[in-house]
Amino acid sequence: MESALKDLSTPTGGVEDVYGEDCATEDQCITPWTIAVSSGYNLLRDPRYNKGLAFTERERDAHYLRGLLPPVISSQELQEKKLMQSIRQYDVPLHKYVAMMELEERNERLFYKLLIDNVEELLPIVYTPTVGEACQKYGSIFKRPQGLYISLNEKGRILEVLKNWPEKSIQVIVVTDGERILGLGDLGCQGMGIPVGKLALYTALGGVRPSACLPITIDVGTNNEKLLNDEFYIGLKQRRATGQEYYDFLHEFMSAVKQNYGEKILVQFEDFANHNAFELLAKYRTSHLVFNDDIQGTASVVLAGLIASLKLLGGALCDHTFLFLGAGEAGTGIAELIALEISNKTKIPVEETRKKIWLVDSKGLIVSGRKETLQAFKKPWAHEHEPVNNLLDAVKAVKPTVLIGTSGTGRTFTKEVVEAMACMNKRPLIMALSNPTSQAECTAEEAYTWSEGRVVFASGSPFPSFEYDGKLNIPGQANNCYIFPGFGFGLVMSGTIRVHDDMLLAASEALAAQVTEEHYAKGMIYPPFADIRKISAHIAASVAAKAYELGVATRLPQPADLVKYAESCMYTPNYRSYR
């Protein structure tokens, strides 16, 4: 009997089952033992250190890789060429997205090498517009955790959950509750695609180390009936928590983050619904290093485009009149930063500079007669005027030089609206900022055609160049990617402890300064994404300089040349040699 039991504990092949894994029944617990130093098969499975066929002969000997790889030794450049050829064979953008995510899961450095070297081609894949579709289908493409999911089930234990993340030196957290994903609405737990994508760009475009980035989804339920009835939905199948329960849970999260990671951890709020986004930003901006990309990042990148466009439109910012379609996070955030910039330049109180800016929401022009029924964040924009019910009449009444769309509703800049703008202005500026592409207020082709080629145009998602009357027009892309990676990197490299509005203005001016005469000649008001790492270094330097000036930077002494310092601190994805 004893010998029979002994036989059971020895698997075929004569290898002793030291930990009892092979003889344990399925309902018995075993310990998932690992080794401390990554080598052999484990090294090939570790995305941070895996180099695939690029391991040298010496590395293959030193790390027990002989026989685990084919004999050929490939360079990182050849691997990159091979993968780009493979990705370009896919016709469906979502398939390209999945291919990129699979690459990140097996070879982190090669993923970032691909993204940095081919940023203009791959940015629409890993970010808008493809990331929106990825979020809609995130449950079906989910394979392995890329961040932390903190649900109501973890109430009272959030600090403990944060400690489960393997990396301890976190510098940037991007967090969403999934309630307002792009223009797609409530996607609940499937909103994780947004923090994952944003942080990939923090690394690729801004130079923050990937190990210092942590994507988090706060799951408080969803009101999306389709998801609640989907048997494959990966989140809590319950209605969203609201009110005090919601804010208590978020407060526990913010307190735990600060306790676990310290004063200098940057928390970026992403795709929270309006009614929560403004309140969370206002509540925590005085006690935490927080940033809302939808409110502040969008505002900063749009302001940069406005500053740059003055070369084409003429005049100063204070000479222009602005009309917004959309009065949510993005619209009011942009409007406030424009008013602040004009105030800083003219020394006119911001209460006065706001009067150059008008907003239209779903009920029409925001005017003082509606003040009693307006949400708090809309009230500063309620100016004296007769009621106006639609955008076209608002354009005719206000006579704006700049029309900005943040409505989240596609095709709202109609032919009549664009023609009215072109009739009033020699060179109207139209910014159709809603994402994804299907939700843009108008297309670049429509804007150029209806304005007879005179419009200066920018959008949130990319549009192709368009030729009108023999002139090639290159649409600007007012993409937050220009701002948030460099902005966040500037905060991290200077050890800043609070975000100030003046830092956003500094970021806008730094971005606008990167637009050259060559770009202006093509109608561009943003520099090409191909230069994004250089652009991010300049933005980071400007943000850091402002932080030192305001006395909120803790990394002392201040470097003599902040641009060079930023460039020297940036993560680079080139392979390292292993000993």
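Note: Cβ is positioned from N, Cα and C throughout, glycine not excepted.
Automatic, uncurated: that is what TrEMBL annotation is.
Here's what TrEMBL has on this protein:
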DOMAIN    104-285  domain 'Malic enzyme N-terminal'
ACT_SITE  Y127  active site, proton donor
BINDING   R180, N435, N479  (S)-malate binding site
ACT_SITE  K198  active site, proton acceptor
BINDING   E270, D271, D294  divalent metal cation binding site
DOMAIN    295-548  domain 'Malic enzyme NAD-binding'
Checklist entry - Which recorded positions (Y127, R180, K198, N435, N479) fall within 10 Å of D271 (divalent metal cation binding site) by Cα distance? => result R180
Checklist outcome for this item: Spacing of the two Cα atoms, R180 ((S)-malate binding site) and K198 (active site, proton acceptor), in whole angstrom, works out to 15
Next on the checklist: I need the CA-to-CA distance for N435 ((S)-malate binding site) versus K198 (active site, proton acceptor), whole Å please.
Outcome noted: 15
Next on the checklist: If you count other C-beta atoms within 10 angstroms, which of the binding-site residues E270, D271, D294 is the most crowded?
Outcome noted: E270
Checklist entry - Setting E270, D271, D294 aside, what same-chain residues sit with their Cβ within 8 Å of the center of the Cβ atoms that define the divalent metal cation site, listed in sequence order? => result T176, R180, I181, I194, F269, F272, A277, N292, D293, E329
Next on the checklist: Run through Y127, K198, N479 for me and report the recorded positions whose CA is within 10 Å of the CA of E270 (divalent metal cation binding site), in sequence order.
Outcome noted: K198
Item to check | Whole-number Å value of the largest CA-CA distance among R180, N435, N479, listed as (S)-malate-binding | outcome: 18
Checklist entry - Of these recorded positions, R180, K198, which scores lowest on Cβ atoms within 10 Å? => result R180
Checklist entry - So for N435 ((S)-malate binding site), how many other CB atoms are inside 10 Å of its CB? => result 22
Item to check | Alpha-carbon spacing, D294 (divalent metal cation binding site) to N479 ((S)-malate binding site), which is rounded to whole Å | outcome: 11
Checklist entry - Once the chains shown are all counted, how many other Cβ atoms turn up within 10 Å of the Cβ of Y127 (active site, proton donor)? => result 26
